[in-house]
Amino acid sequence: MRDVLLTVVRGLGFGSVYALLAVSFVIIYKSSKVVSFAQPALMLAGAVLVSYLAGPVGFYLAVPMAAIAIAMLGWGLERTTIRPMIGRPVFVVAIITLGLDIAIRVVVNVFIGPDVRNVGDPWGLSTVDVLGLPVQERYIAMAVVLLVVGAGLFAFFRYSRYGLAMRASSLDQETALVQGVPVGNMTALAWAMAAGIAAVAGAFVGAGGGVDQSTWVIALKALPAIIIGGLDSIGGAVVGGLLVGLVESFFATYQGEYLPWLGQNFSLVSPYVLLLVVLLVRPYGLFGTREVERV
């Protein structure tokens, strides 16, 4: 039972990071119906910026500073590269985001260098006793950040003027325009928010182990998370991210003992197996909106 509980804690910890990344994908998708493949690079950029800022100002101040800086970058990317593509096929815009991802990573890799960069987190791999279990402090921090960001997003979309405007534009842009909602500005705000959240996720991806030029690959685990939860559901993105973390953690712990015939490192592909299973049952995700076609 002890090993099972530790596996759950580890899964929820990493799942919290996947959930943050998944939320950043969904925010952009809801605003423009585009899956932004630039999120891995924005996550990596945020992590690297934290690694440079943590020394002078400390980790706790470096994270919000990096989030604001990367949010401004996301806003600028939308204004300069995505906004001119209005009216073009969604596939074209998605390819542009892929190009942005590659370009940003090329620049960021220069600042990373060949070695692993420490993000300056205060926890490392240290543990704290929780009900008799040695839980790594970074897992607790990951879960707390997810709760804080989730609560902030809930309040923003439910009670703030801009949040309500973003919800309106995501439901029906033409109607929102008629009602006086600046849809273009809401899309730019969505990109800024998504970039900032990705940067925060990057800081915690590097907690305990640092970041290197291959860290961006971790963000790809958010893709099965958003499809499992539903492309247009922020709550679904959170659930999907946590499920991906749990499945990956359980396979990493027990697959070698109980399912050795699946081969080594099967945990790396287990999120995509979960994705296939969910799609067979609910093609639009656990919480996604089912499309209705009129004929």
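From the backbone N, Cα and C atoms, a Cβ is placed for every residue, glycine too.
Feature annotations, reproduced from TrEMBL:
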{"type": "TRANSMEM", "residues": "12-29", "note": "transmembrane segment"}
{"type": "TRANSMEM", "residues": "59-77", "note": "transmembrane segment"}
{"type": "TRANSMEM", "residues": "89-112", "note": "transmembrane segment"}
{"type": "TRANSMEM", "residues": "139-157", "note": "transmembrane segment"}
{"type": "TRANSMEM", "residues": "188-211", "note": "transmembrane segment"}
{"type": "TRANSMEM", "residues": "223-246", "note": "transmembrane segment"}
{"type": "TRANSMEM", "residues": "258-281", "note": "transmembrane segment"}
- So, does the transmembrane segment (12-29) come close enough to the transmembrane segment (223-246) to give 3+ Cβ pairs below 8 Å, pairs being at least 6 apart in sequence? yes
- Query: Per the 3+ Cβ pairs under 8 Å rule, pairs at least 6 apart in sequence, do the transmembrane segment (59-77) and the transmembrane segment (188-211) touch?
  - Reply: yes
- Positions on the same chain near the transmembrane segment (139-157), where near means CB under 8 A and six or more residues out: 9-10, 12-14, 16-17, 19-20, 23, 121, 123, 128, 130, 163-164, 166-167, 197, 200, 204, 207, 234, 238
- In the same chain, who gets a Cβ under 8 Å from the transmembrane segment (258-281) while lying at least 6 residues past its ends? 221, 224-225, 227-228, 243-244, 247-249, 251-252
